[in-house]
Structure formats: structure tokens, C-alpha cells
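Asker: Annotated transmembrane segment per TrEMBL: 12-34, 69-91, 98-125, 131-156, 177-200, 233-252, in sequence order. Annotation source TrEMBL lists domain 'ABC transmembrane type-1' at 65-252.
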Amino acid sequence: MNQGRLSTLAFSLYTAILLMFLFAPIGIVILFSFDSKGIAAFPFEGPTTEWYISVARDPIMRKAAVNSVFVAFGTTICCMLIGTSASFAIARFRFRRASILAALMALPLLLPHLLLGISLLSFFTSLGIGLSVWTAIIGHVLITLPFMVFTLTSRIASLDTQIPEAAATLGANPAQAFYLVTLPLIRSAMVGAALLVVAWSLDEFSVSFFTIGSDNTLPIVIWGQMRAGVSPTVNAISALMVLATIVLIYVVHRFSDIRFQ
């Protein structure tokens, strides 16, 4: 065996071990979500869909799922509105302290989410604001906004500044130039960033726990049930969330290659 084939074999083995390490826990969760014996332990005695049916019939689960989707999409809409404006300000307009603004945008990514959750709880409580899905959306926007801003800033900075100027010479006002020229050029980046925000928000626990009050999201429900031990129902919820995340990642990949006309 020559050195080239040996190197290829070693790299393939390393890659296989790495992938197994990354995906084995997910595979175990999905496997035991179909186990009929009711406890997450080998040997596997399935298959059954009983635990998925149990999740679908549980009103607490259904309410938590609705809350999770509502918060995720509310967060995404807010991030798109705020993030697009902030990205243009950072990428296009030269003003003092622009680098400081960019650094501040990254701060929520660097701080522990537990600290942010406690800080938001203290902030809302001190102002007398009741905790609800709306305060959870505010908390999620605080953390996910950097994803939107940094993705769009890099895309906007790469655009030719003469393109909107050419649209202006043809009679387009700034709003028309943005919607007809600039927006189609950054739309794929916006879609990709938006779907990443949705995926992150659906899985977020710490900030949700401190900002949603008496309501629940799916990660909070999973945590509550985990306190009593790992159950097949928890595995079923986790498997559904993994599936949702995989679908979103696939859509992000597909949209990242689209060239909008």
C-alpha cells in the first residue's frame, strides 16, 4: 500500500469516526423515540409510534409547539426589519463609531445566554412588563440579530455601489432602487439568515425560560420532563425538533444557491 492510499484511508477513517461522534447521539434519540418498552435503554424492543401519538394528543405539547413557532417567526420578522437597516448602515454609510456599532452587535453572541436571560427578566420586571411570548420574542431578537446583521453586511458590502446609482440615473427613486435592484441581489442572503434565525429560536432554552413567563416552548417542556428522567416522549419531541432543524438546514442550502431574477 503506497503512502497516498494510506493517507486517504487514514483520512476516511478519521472522518467516519468524527461523523459517528457527531451523529450517534442524534441517532440514539431517534431510535428510542420508536422503542415500545418505555425506557431509553438497550436492547431495543420497538418499533412503535405510541410516543409520537402521545405528543400529538398532549395539549401542553401542542401549546408549547404553537408558542415555539410563534416566537421563532416573530423573532425572524423583527430581525429582518431591524437587521436589514442596520446592515446597510454598517456596510454603506461611513460614520464615526461604525466599528463600535458592529462590535456591540456581536456582544450578545459572546455573553452567556443564562446571563442575558436573567438580565432580561430583571429588566422586564423593573418596568412592570408582564412576561409572555412577546417578551420572549424581544429576548430572542437580542441574541439572533447578529446572525442577520453579519450575514447581510457581508453581502451588501460585496455589491457594486454603481448598481443603485445606475438605477437612479434611469429615474428610480431610492425606494425603487432598493426594492427593484438591491433587494433581489441580497434576497438569498436574507432568506438564509432568516432560516438560521428560525432554527436557532426553535431550539433556544435559556432566554426563553426567563422571558416567557407561565407559557412554555418545546425546549422548556423537554427540560421539565427531563427532570423526571429520560422518557420516550422526550425522545419523540427531540426527534421532531431534529427533523425540523434538518429541514431548515436543507432549505438554507437550497436557497443559498438560488440566483433570483
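Backbone N, Cα and C define each Cβ position, glycine as well.
Help me picture these features in the structure, burial and contacts included.
Answerer: Panel annotation: around the transmembrane segment (69-91), residues 98, 101-102, 105, 133-134, 136-137, 140-141, 144-145, 147-149, 152-153, 156-157, 190, 193-194, 197-198, 201-202, 208, 212, 217 of the same chain, lying at least six beyond its termini, place a Cβ under 8 Å from a Cβ of the stretch.
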Asker: Can you name the far-off residues of the same chain, 6+ from the ends of the transmembrane segment (131-156), with a Cβ under 8 Å from a Cβ of it?
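Answerer: Those are 67, 70-72, 74-76, 78-80, 82-84, 86-88, 90-92, 102, 105-106, 108-109, 113, 116-117, 120-121, 124, 182, 185-186, 189-190, 192-194, 196-197, 200-201, 204, 207-208, 210-215, 217, in sequence order.
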